[in-house]
Amino acid sequence: MSGFSNMFMKSILFTISFGLCVLYASAELHKFAHSSKHDGSLNFLVLGDWGRRGAYNQSEIAFQMGKVGEKLDIDFVVSTGDNFYDNGLTSDQDTAFEESFTNVYTAKSLQKQWYSVLGNHDYRGDVEAQLSPFLKQIDNRWLCLRSFIVDSELVEIFFVDTTPFVEKYFTETKHKYDWQGIIPQKSYITNLLKDLELAIKESTAQWKIVVGHHAIRSVGHHGDTQELIKQLLPILQENDVDFYMNGHDHCLEHISDTESSIQFLTSGAGSKAWRGDIQETNQGGLHFFYDGQGFMSVKLTQTDATIEFYDVSGNVLHRLTSSKNLRSSM
Ligand SMILES: [Zn+2]
């Protein structure tokens with residue numbers, strides 16, 4: 001079979017498998033197949049820290065996402081967590097799900113699969129509610145798991161549940177967190193990192209992206225997450241991960257790793273923003289920081305990645321491009 005026919009068959013098989021929520025046995029993490037476009041490219045939007053029943057410019061951002069989503073013919077949307085403020089969902093019957101998600105992201109171009117992780121605010125409610133299949137019956141775009149993988153062959157996206165890494169949430173008394181399924185914390189993290197490392201090592205995708213709620217590097221209000229620098233970053237550095245995408249800080253930012261080619265991208269500006277503070281120290285590798293509301297788009301081909309940050313009016317504030325050679329196996 002010629003190379004072209006082989007690729008054609010692979011693409012057909014991949015198209016058939018999309019939507020079936022394929023679970024591979026090679027790793028513990030659920031892997032979902034999501035086919036690329038016919039020309040092999042893939043486009044998506046990244047949004048974080050959003051669910052406020054349309055307030056704090058959430059609806060305005062949703063409107064601009066709709067416009068950009070249409071222009072780019074997006075394949076899906078990624079949510080970096082803190083999906084429902086202030087305290088997640090109270091149950092899978094909570095009307096906040098429709099009021100902050102279904103009724104806000106109404107544009108035609110946004111009627112695609114959403115892949116979501118949990119943020120710390122989501123852990124303050126009933127965590128299981130956001131993972132419940134019942135939500136998919138209300139709005140079939142919704143897919144939220146603690147940690148999972150989306151594989152389009154062109155790119156593999158590894159979604160990581162970062163809240164359990166952060167020690168202070170286990171000791172603070174101001175808020176109550178729903179740790180069912182997490183405790184004992186140490187073995188939860190050890191197993192997650194083991195599964196993640198194995199899955200990233202096995203990946204043959206041209207692009208490797210890791211998504212979590214908490215920043216590894218940020219100059220915003222919360223700053224760097226030391227637990228992730230220590231435990232997660234080495235795995236990313238050793239396995240040629242291209243981008244780490246997160247929310248948590250209500251801003252847009254782009255920072256380059258000073259020790260590898262990883263680019264740290266924050267998209268946590270889906271509603272409330274303008275915190276007004278920036279970490280003056282530790283700004284090594286900083287290319288771009290914007291304190292206001294916005295979101296991010298990602299365009300991928302075999303050779304090029306283009307990432308753009310938009311404000312509440314749809315203006316492009318910052319653009320990052322990255323190129324690499326075609327893999328010899330392709
Ligand atoms: Zn957060």
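Yeah, the Cβs are placed from backbone N, Cα and C, and that goes for glycine too.
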Listed co-binder of Fe cation 2 (same site as ASP82, ASN120, HIS213, source TrEMBL) among HIS221, HIS222, HIS248: HIS248
Co-listed Fe cation 1-binding residue [TrEMBL; alongside ASP82, TYR85, HIS250] among ASP49, ASP224, ASP277: ASP49
Sorted by sequence, non-ASP82, ASN120, HIS213, HIS248 residues with Cβ within 8 Å of centre, Fe cation 2: GLY48, ASP49, THR80, GLY81, LEU118, GLY119, HIS121, ASP122, THR162, THR163, HIS214, GLY247, GLY268
Closest of ASP82, TYR85, HIS250 to ASN120 (Fe cation 2 binding site), Cα positions, binding-site residues only: ASP82
Binding-site residues (ASP49, TYR85, HIS248, HIS250), the one with most neighbouring Cβ atoms at 10 Å: ASP49
Other CB atoms, at most 10 A from the CB of HIS213 (Fe cation 2 binding site): 31
Around the Cβ of ASP82 (Fe cation 1 binding site), the count of other Cβ atoms that are within 10 Å: 29
